[in-house]
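**Q** Sharing a structure, written as structure tokens. Questions coming.
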Amino acid sequence: MPRFHGQSNHAPVDIVNQLQKQYVDYLTSLFHEGVLDDQFTQLQKLQDESNPDFTVEVATLFFVDSDKLINNMAAALERSPVDFKQVDADVHQLKGSSSSIGAMRVKNLCITFRSFCETQSYEGCLICLQQVKNECAVLKDKLQNLFRMEQQIVGAGGSVPLMD
Amino acid sequence: MDGHDVVSWRRRTHGIDALDSLQPSSDSGEAHVLAVDDSLVDRKVIERLLRISSFRVTAVESGSRALQFLGLDEDKSSGHFDGLNLKVDLIITDYCMPGMTGYDLLKRVKESSALREIPVVIMSSEKVLARIDRCLEEGAEEFIMKPVKLSDVKRLKVYMRRDSGERNESEAENRVNVNPKRKLREEEEDDDDNYDDSDLSASSPSPPACSVSSSPPSASSSCLSSPSVAATAAAAAAASASTADKRWQRMNGGD
């Protein structure tokens, strides 16, 4: 994703304020919907001038990781017999990384997914796999929106508000 | 609502006596932490948390890599030290890793005459009391619940060999006096990991009783606990998540 470099345009203050308000509203809605939890704010706090893209970098790593894990799960569920322990191990990994970035809905889906692995319910696992896939896609979309809004604020000469 | 446990567990005997056996560091500057985690995302996060807290960090992906870095050949059981001796002041490791678990790594470090003085902290996303007890008994300084926060990492300074001269004595006393295994400070939970199938009831959302789980040790086999009550917990989690306000202040004072 492109970042603004060099001189930023200093848009009128009310435009920056408006962008900031939209950003705060959007991020707030993500918390209220349960898409993100406080851990996401914890990560944002770790960002500074020396690491301005930290949150984006972690999110990127998460999606690389989740794509791989989801593919592994799908492959394992296609094998016969299904190795539920392997699927469970992958779901556990995804649960861990989603928890680490504050992706609460993904994490909660993983919790349910693991219970189906434990009872070795093939249908349950398939449903959870689809839900996890969907939820990761939704999360990616929303985070891309969020990061784009951050760029707009910075590009207009403002600073990204921290939810604290 | 996020389900992070604010609490961590510490050994009761840790205290000022430990200072006597500390070796002076040969390097000046920041303390050096070896972080061990098989998750790429978690490695990046813990690395950042540690750097922000003014630690130097080496992050590795496995217990065997950690032992290599520490100069302990994985195959030798004698603990012969032939490595780079890059003065690690603290090891922070995930518990659940394929191959060598964090517990296995802890044991190897504590069994090594060259390395046993290095404080070891264990991280885990699963609150299994037997696991916690086992780690503390094996010599871990602390057991931190994931996701790890900045306040958790900042607190690690108290274990630093390098910081021994700066240690706040009253803080050390607080660590000794706290009976952390019997005191759980918890906020609203949506995390299933509180529920271990052998010591907690499925329907209880309150802090778990501090009974020791009877689950068998899992040092070298899979360390994943059974999420047998996960479905119920997930339902409870969904309910609490939808009604909780967002909270920006943490019980332990925030960052």
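Cβ atoms here come from the backbone N, Cα and C positions, even for glycine.
I grabbed these lines from TrEMBL:
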type     : residues  : note
COMPBIAS : B:162-174 : compositional bias 'Basic and acidic residues'
COMPBIAS : B:187-199 : compositional bias 'Acidic residues'
COMPBIAS : B:200-229 : compositional bias 'Low complexity'
DOMAIN   : B:32-161  : domain 'Response regulatory'
MOD_RES  : B:D94     : 4-aspartylphosphate
REGION   : B:162-229 : region 'Disordered'
**Q** Could you give me three numbers for the domain 'Response regulatory' (B:32-161), the DSSP helix, strand and coil residue counts?
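**A** Helix/strand/coil tally for the domain 'Response regulatory' (B:32-161): 51 helix, 26 strand, 53 coil.
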**Q** Under 8 Å Cβ-Cβ from B:D94 (4-aspartylphosphate), six or more apart in the same chain: what's there?
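**A** Listed in sequence order: B:V36, B:D37, B:D38, B:S39, B:D42, B:G102, B:I122, B:M123, B:S124, B:K146.
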**Q** What is the average pLDDT across the domain 'Response regulatory' (B:32-161)?
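**A** Average per-residue pLDDT within the domain 'Response regulatory' (B:32-161): 90.
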